[in-house]
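Participant: Would you mind keeping the following structure in view while I ask a few things?
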């Protein structure tokens, strides 16, 4: 044992600075090496803050230090100069002790610690450098291989680029890719040199194995080149990212986390740990005894007061109910007066403001934040901030008690704040008991106190440490150490094992991606779909940083582990973040910078304290703006924006405030990173990675404008292709920094139930229709259209009328004010005067009977009030939350609804209840009115369909047909398509609808025969839930020449009618806007067509002139998806002929009549419609005669409202026009059959009741089921057809004529045209860079297997192998190689250099076939020999022959093949004839 003595008597307070515990620590304490960094032992001795988490005890420091690792650092006292014996104090001389000067001793100890740290750091750095060097070598090899492959492509394309403009564009793109690879190679080389310098050059110069570079290596990632030449690999790459198996940087997630045993603890610390555990156990027992005594006393008091409370409870409840009813009635009168004032306000000229701003309807702020539809405004953010600030004062008195110690709460619970109960906030039926017993009663359950109070934080941390020690002792006794093995990543990053193993696999991948961003000193957008646990991924990553104790390079190494972190989020979810942090990683000190926080002193001091202790500060977007100077004064390690799309306006004050943090570590969490336009995406990316997308003007000019313009219906082919290329480049640029997984991709991991989302088009009531039409015809709208008035007020008025006419007109008897004794129907806001409320009434009645629970969202608080009155009148239990609900009250309401299953409805405004709120207690969602911003409605939907939901979720979006709401829905779809084009699929088809100002102020009244404008736009997408139409039935019967019983049509008409849709080109679509709606409303035009019918419906093209095309004919692609619309562009095409319209309308008349007249149960119709219609379409001559018929409906009455109702399941349904159903209905699991039947029952009841349901649309089928853009598909089909024809022409030239008597090569036998063995090709002038196949080397079985397995048996395109190595292993016609070469014109043009050269080498070098060769040969042979007239065939003959042979994917190619193979003309009788061209006869 040694001693240190300090002779300096002038500092007596420092005499005992080294107690025995610390002296032992000097001597024996291990200095742990973790990940290349050695902790400073001196800090543990001189500070009370433990490096292992934010513990505050020195004992915890020692405990943490002993866990660091087995490496020990012994302090060598002999290296520290001691005080000479002659210089020692007299009383110490002769005692034989060593005396040290304190300053010298501390300096010596620190020098030894620093030296040890430096040595350990060097060792770790070398180890990391060696590991990183191996990775660099792999990257270098991969990059070099890619460059060689690209050079081969350039060599193949260069000779043809001068003569072929298409190939020239591809060559330019490949050269750009080569430039990118060269830049990447430079960076890799520089990194290699840096690592070589670190390693000292010893054994580092590893020569690249050139032979290995010739092996088959894949590209390191998808790119623009991959988008064009490597579709198969790109799809696989994106699928791995979407399903959470790989990060965007290409790092795959390990299949199974390696179990690593925990390091054995040192014996020196075991006794100390036991002491801590004993003390903790004693303390726990003492507190338990005290708590038991307090509980007993409290129970006596409660039992005495419970009797009196029970006796008065009934009287109190009845009193509150009557008071609430009076308040509701008073508020209704107030809304009536505001409605009258609003009517005058609508007509104000532009530039003038209302005289009384205080009477501005409150719903406007909630409703029209995105009215412009294209770009957000400062008003939206400012409005939310004002809302937060306004309610903050209401909640300050009520909240402060919650976050104080428990003993102070009892006093505060008795206080009922007067500010919360005003004219704008009404407690629901479930809140009234709480209001009488004390407003704070419910908050104790859900609210989680933050760590603003440091004493509370220390107490909570001690509890957590005690529990950890107890749990660890249990594991040690059971010898179960492997369960907590940490998850280790590159460069020493570790996540605690108990935390990491609780994450889903895709969440683990998200943590890995966040670490990759951290290493690159870059930010990112975690854009997982709402409800996939973005919060948990962030907490796990931050916990890993704190746990790993890694120095951050980008912060000058000033932060060890995790530095101060700030999280900005909506006020509704601030305390939800606190709860999640305390649950998943309690060591963090998490404080809320807001009025609802527990910190009672100055906010500036709280910020300073959190920065000092490296804690987590949670605040709102309004506080970021208000306290910008105080917050940005400090250096923050991480800045995280929850619901980061709040900064989508690049010029807003809150956006500029968020972008002033001095840190590269910026993370955005957003389930909808792009909502309206590309300008918003730029704003988000400029926050996480400033400069990545350049400046905003350049980005808008080079990317936003081309991509947006290419998405409109009237875009030219050049604009469409330009938009595609720009979208590819933009997607490749942002992909590494945007991680987005969808629920549909990770559904199996989450075990999420199914979601059924439908759009119910509701008919206006007579009163609504009258008010709507009167307003459209008014002078106010006239002034808007002339530019004299602002459009904003007019749109607000239209939306109010759609919700409820009383919101605009003030209701009946508004002149004299509503009397007290008025009739129920004449009350303000009565539900029978609104078409959508009639539907809501029926839905709620059915769901209440079924025991479902409902979320009811509305944009407007005024509408929410009317719905509240409606719920109270029908005696439904409910809760309500809107902008006036205090921040402190929101989380308790959410918790109460999730836990109390007796509450039926939760009323919410979309903006308040749509962000970060978890309402999985509900399984039915009604979105009462749409928002211009599609993500707003999506956020509301995701409140129920998220992790934790166990039941199937049904979502109904309510829209009024033919009104402004339908236009809003169209705008939502356009924005969603634009988002998909950038984030998902650059080939996303265009949205075939563009509104102008005049269209917004129109009203259409679609009936059963017309359908809605939406049904016309999205015809063929498989979204329509069809219902028969009596008007259409009569018309088609007349066209077909049949009686009303829908007897068998003439056999000759059936294929001819189909041929009209299939081959004959209508002159235009503008005149068929309505007829297409009716013509495609039969079962075959939806998602129930057979493959043959669907393929044939778009397969052929009968042209009236040589220059015409079939673009607009592609109403439906081969898989039933919408490729182009015949209803949109009314100006670009000539009018339609009457005969064509009739034929289109009657194409499937037989099947439609069959559907009308056959009574089938609804479940059978939904499940088995596909097979039924398939058989009926092909054999309608026999089956339609035997089907039981129902009588025709009666003649239409004078009242058009009632005469146009359609029939469903044989029953007339009021207000029904048609119904759509989800096209993948038949593929759902059998386990969801009960839920589906429940939804079907609801729809059936809606159609049977006298409700305002007009039609039903599947929203998911429109958003997710869209096919690629028609122009891109047609261009691809044309290229494939041209290549196939060239291959056929070359093959024909190789065959001998009939006079030779030589059999033609069949693949097995024959001589004529058979390729000879591969000749020695040395000395030839042509470039022989492609493999040659000897067909005789492949048997038929082998060829069939290769066709099925595709690329499994074929070499990769970028294989790098020599040509001779693949002589006998050439790919089949169905392989990816053949498709890529055919698509990029890398084979055939060089074989057409000259006829002589081609004839000389035709036998030796056969053309590389495609998968359409057999189809082309069959078509040619049929038309040449098997039709009624050799050499030509009618459309009907072609249909009958190939209808059953065509697959869905072959439809477009088949049409192009036919048009290139034959010439088309019509006979005098109108029959279409296809005649072989001379070169193919």
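Just so it is clear, glycine is given a Cβ too, placed from its N, Cα and C backbone atoms.
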Participant: Under Swiss-Prot, which of the candidate ranges 630-633, 634-637, 638-641, 642-645 is annotated motif 'DEAH box'?
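Facilitator: From Swiss-Prot, the annotated motif 'DEAH box' range turns out to be 642-645.
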Participant: Which is it, of 1295-1307, 1308-1320, 1373-1385, 1386-1398, that Swiss-Prot names as motif 'CSA-interacting motif (CIM)'?
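Facilitator: Result: 1373-1385 is the stretch Swiss-Prot calls motif 'CSA-interacting motif (CIM)'.
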Participant: With a 10 Å radius around each C-beta, find which of these modified residues (158, 485) has the fewest other C-beta atoms nearby.
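Facilitator: Selected from the modified residues 158, 485 on minimum Cβ neighbours within 10 Å: 158.
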Participant: For the region 'Ubiquitin-binding domain (UBD)' (1387-1416), what's the mean pLDDT in this predicted model?
Facilitator: 47
Participant: Per DSSP, what is the residue tally for the compositional bias 'Basic residues' (327-337) in helix, strand and coil?
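Facilitator: Helix/strand/coil tally for the compositional bias 'Basic residues' (327-337): 11 helix, 0 strand, 0 coil.
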Participant: Expressed to the nearest Å, what is the distance separating residue 158 (phosphoserine) and residue 485 (phosphoserine) at their Cα atoms?
Facilitator: 56
